[in-house]
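**Q** Summarising the annotation, Swiss-Prot assigns active site to Glu106. Among the features that Swiss-Prot reports, Mg(2+) binding site is placed at Asp10, Asp105, with the record citing sequence analysis. The domain 'UmuC' feature in Swiss-Prot is assigned to 6-187. The site 'Substrate discrimination' annotation in Swiss-Prot covers Phe15.
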Amino acid sequence: MTERRIIHIDMDYFFAQVEMRDNPKLKGKPVIVGGKASSRGVVSTASYEARKYGVHSAMPMSQAHKLCPNGYFVTSNFGAYRETSAQIMSIFRSYTDKVEPMSLDEAYLDITELVRPDLPASKIAQYIRKDILENTHLTASAGVSYNKFLAKLASGMNKPYGMTVIDYQNVHDILMTLDIGDFPGVGKASKKVMHDNGIFNGRDLYEKTEFELIRLFGKRGRGLYNKARGIDHSEVKSSRVRKSVGTERTFATDVNDDEEILRKVWELSGKTAERLNKLQKSAKTVTVKIKTYQFETLSKQMSLRDSVSSEEDIYNIAYLLYNDLKDP
């Protein structure tokens, strides 16, 4: 049986990153997303600069203001977050149809079928993170392992913009020394019960019997028993089948020079061909989409008699479609 390879991608301080990308004046500043400092809401996301002051998600905005009075308090812009998230999920689905989004900024990918001797899971994770950075100008952290639990654990170990691989060689050492509060799914209430029963790290959890953990946590006890051993049989639950492969880019400033745009079309044609090649697929339809400075989306597509997969073929069709869009 082929060993599963799962990637967990978690965007770094996603809401705050989007705000800093869309407003460069915020870059490097303590950004706190959620609302005005005087509001009665809670913090959605805080940049790492704000976290140095002790600000964290779900904290009351008033408390965040006390800790970081010079912070930049930003009202959540869910339209921008959803649009960027859709772009990221599209990148995931250009690699595999086995994608399970967990929120706007994180997802599991089962890439077992893509892994080859010359293309390990870690390299695929690097490609995905690179695509996210090039397409959205945002960073993501990744965890790679043989099950979902360990992949999620790994994605949080080297944030921001890091990647960790947990395999059979290092899993025991990682789990045994892990603080119990760092186990995914262990919240404040569970942590208190753990501490009250002498469980402070993975080794303490490992040494408890399944019966003891069920007595303390009910049905969850069996899951905790398995987690201490790195066991998780849950599948990546995908709800969509990928039918397209594509690449998008957003220019830093408005561009109306044909030569510059076509250079980018050539680059994107190459990226798309590269993805098709990795997936050993070809295309029967080519689509070009343009978003204007007024945020109007224009698109044209061409269905083909013979499928294409090369950079040149994709570019030649995209070139025709671009000219049709430019001069309808």
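Our numbering is plain: 1 for the first residue shown, then up by one each step along the chain.
Glycine is treated like the rest: Cβ placed from N, Cα and C.
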**Q** Going by DSSP, is Phe15 (site 'Substrate discrimination') sitting in a helix, a strand, or coil?
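**A** Looking at the DSSP assignment, Phe15 (site 'Substrate discrimination') belongs to a helix.
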**Q** Between the residue listed as 'active site' and Asp10 (Mg(2+) binding site), what is the CA-CA distance rounded to a whole number of Å?
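**A** Each residue's Cα considered, the residue listed as 'active site' and Asp10 (Mg(2+) binding site) end up 4 Å apart.
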**Q** Among all the protein chains here, how many other CB atoms are within 10 A of the CB of the residue listed as 'active site'?
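**A** By my count, 19.
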**Q** Reported as an integer number of Å, what is the Cα distance between Asp105 (Mg(2+) binding site) and Phe15 (site 'Substrate discrimination')?
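**A** Each residue's Cα considered, Asp105 (Mg(2+) binding site) and Phe15 (site 'Substrate discrimination') end up 9 Å apart.
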**Q** Would you mind giving the whole-number mean pLDDT across the domain 'UmuC' (6-187)?
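**A** Mean pLDDT across the domain 'UmuC' (6-187) comes out at 94.
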**Q** I'd like the number of other C-beta atoms within 10 A of the C-beta of Asp10 (Mg(2+) binding site), please.
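**A** The answer is 21 other Cβ atoms.
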**Q** DSSP three-state call for Asp105 (Mg(2+) binding site): helix, strand or coil?
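**A** For Asp105 (Mg(2+) binding site) - judged by DSSP and reduced to three states - the answer is coil.
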**Q** Would you find the one among the recorded positions Phe15, Asp105 whose Cβ has the most company, meaning other Cβ atoms within 10 Å?
**A** Phe15
